[in-house]
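> Just passing along the structure, written as structure tokens.
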Ligand code: GLU
């Protein structure tokens with residue numbers, strides 16, 4: 001038998017050959033496989049069963065046409081997808097993303113990450129992801145509804161409460177989930193548990209909207225507690241201005257920290273006095289407008305074009321909550337030079353591979369998305385439990401469980417890293433801990 005490192009390399013090379021047109025998926029693979037080697041060295045049975053080849057291949061990839069009519073009567077066509085990547089631990093679970101950047105590569109990377117994220121929650125959910133290259137920006141409510149109805153008309157064939165349970169992601173919030181749910185119900189039947197992130201008016205869970213952002217901050221809280229520190233008075237750089245960023249900012253304030261930035265795809269706000277959360281919510285959640293509106297009300301704040309990660313501001317905490325690859329190597333070096341000590345990823349894969357390595361080498365506590373942003377999907381799984389019980393839990397109960405789950409994930413990553421001789425390398429800890437749970441279930445289930 002070749003050694004574990006040669007084995008991982010061979011599998012990695014083969015994936016590169018077969019998927020060389022899928023850069024984001026390859027990036028996720030390249031980040032993941034090398035970190036699994038210490039585990040494989042201790043567990044030769046996984047290598048004997050060629051588990052890496054099995055686990056990196058999606059169980060099923062679905063692609064479909066989404067035709068819809070715009071407000072001017074024009075016929076439009078988008079691509080719809082669902083990647084059902086791994087069901088060893090439970091039904092496929094993961095969000096739907098509506099964004100022009102969506103393609104097979106992006107969704108395969110997201111679905112691959114989702115498998116291990118979901119495993120880390122300790123809950124019985126497999127990994128999947130889906131979406132469309134549909135751009136919701138500038139679309140009317142009617143157009144959004146027509147698109148969602150067409151998308152679900154096809155997707156409904158492949159999902160169900162015990163089969164595959166989509167939720168939101170970028171461009172998909174409770175409005176879209178409402179329309180998707182309505183169409184699913186019309187085609188099939190009333191299955192409350194077929195989607196999560198549902199509105200509170202029908203079967204949604206308290207705390208789901210806040211869960212990803214809150215969870216990322218809880219993760220940082222438990223990490224800091226280990227260092228006998230709190231979030232109190234610590235300055236934070238936050239990117240994004242969607243659901244994840246807004247509730248990350250909210251929880252940072254609740255725990256005494258000071259978030260000074262947020263961003264959209266054109267630029268970012270730097271508000272030295274701290275981001276005005278109510279104003280941000282009003283602009284993004286109620287008015288659905290651009291961030292440039294913020295400085296009209298807060299003239300002392302600055303709106304600066306470009307990436308927030310190219311901006312020099314001293315801070316101890318960074319919460320990238322926008323999208324993949326927003327932090328490159330140069331930005332990572334800049335963050336290190338500006339005194340960053342903790343990077344907790346609210347988004348999926350916001351740091352490039354080089355950036356992540358830079359953080360780890362510089363001794364920054366790098367909390368990868370699959371661990372730090374698992375709060376969202378964890379509360380989705382709690383929503384599924386509530387739907388099965390025909391109950392809606394109180395906010396406090398959901399929040400307490402979320403905090404407990406994030407604590408468990410952090411401790412699992414920390415202890416797994418130590419166990420494999422890589423203390424403080426939470427990326428390695430997260431990858432191995434997630435992998436171990438999925439791989440074990442796969443071996444028990446046999447070659448399927
Ligand atoms: N889209 C979220 C994620 O990236 C949540 C998925 C879910 O709730 O199923 O984890």
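Heads up, the Cβ atoms here are built off N, Cα and C, so glycines get one too.
Where the annotation comes from TrEMBL, it is an automatic prediction and has not been curated.
Below are the features listed in TrEMBL for this protein:
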- 93, 114, 117, 168, 380: substrate binding site (BINDING)
- 129: active site, proton donor (ACT_SITE)
- 169: site 'Important for catalysis' (SITE)
- 212, 243: NAD(+) binding site (BINDING)
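Describe the structural context of these features.
A strand conformation is recorded for residue 93 (substrate binding site) in the three-state DSSP classification. Taking the Cβ of residue 93 (substrate binding site) as centre and 10 Å as the limit, one finds 28 other Cβ atoms among all the protein chains shown.
Neighbour density for residue 129 (active site, proton donor): within 10 A of its CB lie 31 other CB atoms from the protein chains shown.
The Cβ of residue 169 (site 'Important for catalysis') has 27 neighbouring Cβ atoms from other residues within 10 Å, across all protein chains displayed. Annotation note: residue 169 (site 'Important for catalysis') sits in a strand segment as assigned by DSSP.
In the three-state DSSP reading, residue 243 (NAD(+) binding site) counts as helix.
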> Among the recorded positions 129, 169, 243, report those whose Cα falls within 10 Å of that of residue 114 (substrate binding site); none is a fine answer.
129
> Among the recorded positions 93, 117, 129, 169, 380, which ones place their C-alpha within 10 angstroms of the C-alpha of residue 243 (NAD(+) binding site)?
169
> Look at the binding-site residues 212, 243, 380 and tell me which residue has the greatest number of other C-beta atoms within 10 angstroms of its C-beta.
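Of the binding-site residues 212, 243, 380, the highest Cβ count within 10 Å belongs to 212.
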> Check the Cα-Cα distances from residue 93 (substrate binding site) to the recorded positions 129, 169, 212 and tell me which is shortest.
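That would be 129, the closest of 129, 169, 212 to residue 93 (substrate binding site).
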